[in-house]
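Undergrad: Before I ask anything, here is the structure I am working with.
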Amino acid sequence: MTLMEDAKKGIVTPSIEAVAKAEGIDAETVRSCVAKGLIAIPKNNRRETLPIGIGKYMSTKINANVGTSRDCIDIDAEVEKAKAAEAFGAHAVMDLSTGGDLNEIRTRILKAVNIPVGTVPIYQAAASQKVVVEMTSDDMFNAVRKHAEQGVDFVTVHAGVNLNSLERLRQSDRIMNVVSRGGSFTLAWMLHNGEDNPFYAEFDYLLEIAKEYDMTLSLGDGMRPGCIADASDRPKFMEFITLGELVKRSRAANVQTFVEGPGHVPLNEIELSVRGMKELCDGAPLYLLGPLVTDIAPGFDHITGAIGGAVAGMYGTDFLCMVTPSEHLALPSLEDIKEGLFVTKLAAHTIDLIKEGPRERAWRQDTAMAYARRDLDWEKQFELAIDGDRARKIRDARKTESDACSMCGELCAVKIVKEAFGEKKAEE
């Protein structure tokens, strides 16, 4: 049985218990939400890994993308990135490799980390042929099965890219058309072969494979906007409608899902996108890359993504895909992964401060930091900081003889008031 089947039968599995304990909430609440598809716990039945809960009442989770490209094939480097991502606090990693021995890369990453691993099987299907459009539907489904057999916990499938959404795209005035790599492969295949997307047309077969391995489906946003000018258009919302229908079919088949969300969205349209997705997809967990809130920040897109992610979290985002400084520019380095992760962790924490479920725990962290700052307890501040090593290096780089920081020294407001209150109490 799948985890969702067990949950529907009232069974609190070890994975559900582990998630409930980690989140500090009642196991029955987690079970009920898994049964309804409001929480996903991506965990292939062929792989032992740390159960991670994504969705309602859960703390906001973070994914880190790693993987080779055809221009940069260094398997050892990508494995190290995956291990570093876990060490820096990622809750999942996705292997997006397109160059080299894809099976070897995936196998090594699966062995290297103890967190859920996701993939995009169509990348392997495309690599099986000289030209993307020459892959067959068998290539596509064989890739999904191969990944499932190897223990992949969740796969992105762009099943919402179909003939209907293609027609909406043709009628639109989009600047960037399609920027999803998997979405572009699917679109090109449909146009070349004159057929509908196999992942959509044969979705029931996809569900059979996913169910056999209890592999979660991440329903990809192949029509996500690639620039601010394309945000909130018909192709995007047409895909949301389709994905919502596929969520219902997945739940009926006892297959867990979460839904991927929009790429570039201005601040004032994020609420529309996120609430729209939640409504159209019946409360399924939402997995967002960003959204990026401006197009003019190459080199700083980890920041534009974190801004968008934090705002999106106000309206229901559950799972943030880390963006690195290399977005739109190059394959990310190990340092890019670290930088992107810490910025995304910051966004996730700001979401948790207001999210039902993790709110109390997040508030305790901030309150503890407030007391440490009041007491000028630097070691405690470094311990509580999202990146304590960085905080320590900055403080140590500009020394002061004061127990305050070098910005204010003896003129520190906290220090002055603390001493003033101390003198007043001594007089009393």
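Glycine is treated like the rest: Cβ placed from N, Cα and C.
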Undergrad: With ASN65, MET94, TYR123, HIS158, SER180, ARG181, GLY182, ASP221, GLY222, MET223, ARG224, GLU260 listed by Swiss-Prot as substrate-binding, which of these, TYR200, TYR205, TYR287, is given for the same site?
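TA: The record-listed residue among the candidates is TYR287.
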Undergrad: Would you count the other CB atoms within 10 A of the CB of HIS328 (Zn(2+) binding site), including those on all shown protein chains?
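TA: Other Cβ atoms found within 10 Å: 14.
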Undergrad: From the Cα of CYS412 ([4Fe-4S] cluster binding site) across to the Cα of TYR123 (substrate binding site), what is the distance in angstrom?
TA: 56
Undergrad: Would you kindly give the Cα-Cα distance separating CYS408 ([4Fe-4S] cluster binding site) and GLY182 (substrate binding site), rounded to the nearest Å?
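TA: Cα-Cα, rounded: 52 Å.
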Undergrad: Which residues does ASN65 (substrate binding site) neighbour through Cβ under 8 Å, counting only same-chain ones at least six apart?
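TA: Residues satisfying the criterion: VAL93, MET94, LEU96, CYS321, MET322, PRO332.
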Undergrad: Roughly how many Å lie between the Cα atoms of GLY222 (substrate binding site) and CYS408 ([4Fe-4S] cluster binding site), rounded to a whole value?
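TA: So the alpha carbons of GLY222 (substrate binding site) and CYS408 ([4Fe-4S] cluster binding site) sit roughly 51 Å from each other.
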Undergrad: Between CYS405, CYS408, CYS412, which of the binding-site residues has the fewest other CB atoms within 10 angstroms in the structure shown?
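TA: Each of the binding-site residues CYS405, CYS408, CYS412 was scored; lowest Cβ tally within 10 Å is CYS408.
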Undergrad: Taking the residues ASN65, MET94, TYR123, HIS158, SER180, ARG181, GLY182, ASP221, GLY222, MET223, ARG224, GLU260, TYR287, which the record names as binding substrate, find the longest CA to CA distance and state it in Å to the nearest whole number.
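TA: This binding site's residues have a maximal Cα-Cα distance of 20 Å.
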